[in-house]
Amino acid sequence: MLLASPMLLIPLLLLGTPCSTFAVCEDALGKSHSLHTRGLTELSGAISCGTGRSPLAYIGYGCYCGLGGQGWPKDRTDWCCHRHDCCYDKAERAGCSPKMQRYEWICEHNAVVCGKETPITFTCPPPPHIT
């Protein structure tokens, strides 16, 4: 599914079985296919796939992008990072290791295409200070 505007989807979602996690990101630009697996390492690939930017650009952005987080998210990008953090917390409370656990996705036309059980998505734009 491609969006009409370059909105981005980048959180990991806890869906399906208690320990299944899926990365989701989407953009209206095109990119070739590739298969990925492995927790945090692959999250960085998912961010690159959907945004075309280095995932390092998001470290320290707002209140929730990068490690930790507190307070009220400052904008839609920060809310996306907040939702991602909530998904990791939910997976950890279920006894999973989302930062290390394997999951599969492919990068297709700048969209991360996930497993069959991915009915939920969140739209997130890139941080405004990144050009």
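Glycine is treated like the rest: Cβ placed from N, Cα and C.
As recorded in TrEMBL, the features of this protein are as follows:
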SIGNAL    1-23  signal peptide
DOMAIN    39-131  domain 'Phospholipase A2-like central'
BINDING   TYR64, GLY66, GLY68, ASP85  Ca(2+) binding site
DISULFID  CYS65-CYS81  disulfide bond
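Sequence features annotated in TrEMBL and their locations in the structure.
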residue: TYR64; record: Ca(2+) binding site; Cβ neighbours (10 Å): 24
residue: CYS65; record: disulfide bond; Cβ neighbours (10 Å): 23
residue: GLY66; record: Ca(2+) binding site; Cβ neighbours (10 Å): 15
residue: GLY68; record: Ca(2+) binding site; Cβ neighbours (10 Å): 7
residue: CYS81; record: disulfide bond; Cβ neighbours (10 Å): 22
residue: ASP85; record: Ca(2+) binding site; Cβ neighbours (10 Å): 20
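Spacing of CYS65 (disulfide bond) relative to ASP85 (Ca(2+) binding site) is 9 Å (Cα to Cα, whole number). Other than the site residues TYR64, GLY66, GLY68, ASP85, same-chain residues with C-beta atoms no more than 8 angstroms from the centre of those residues' C-beta atoms, the Ca(2+) site, are CYS63, CYS65, LEU67, GLY69, CYS81, HIS82. DSSP assigns CYS65 (disulfide bond) to coil in the three-state reduction, placing it in neither a helix nor a strand.
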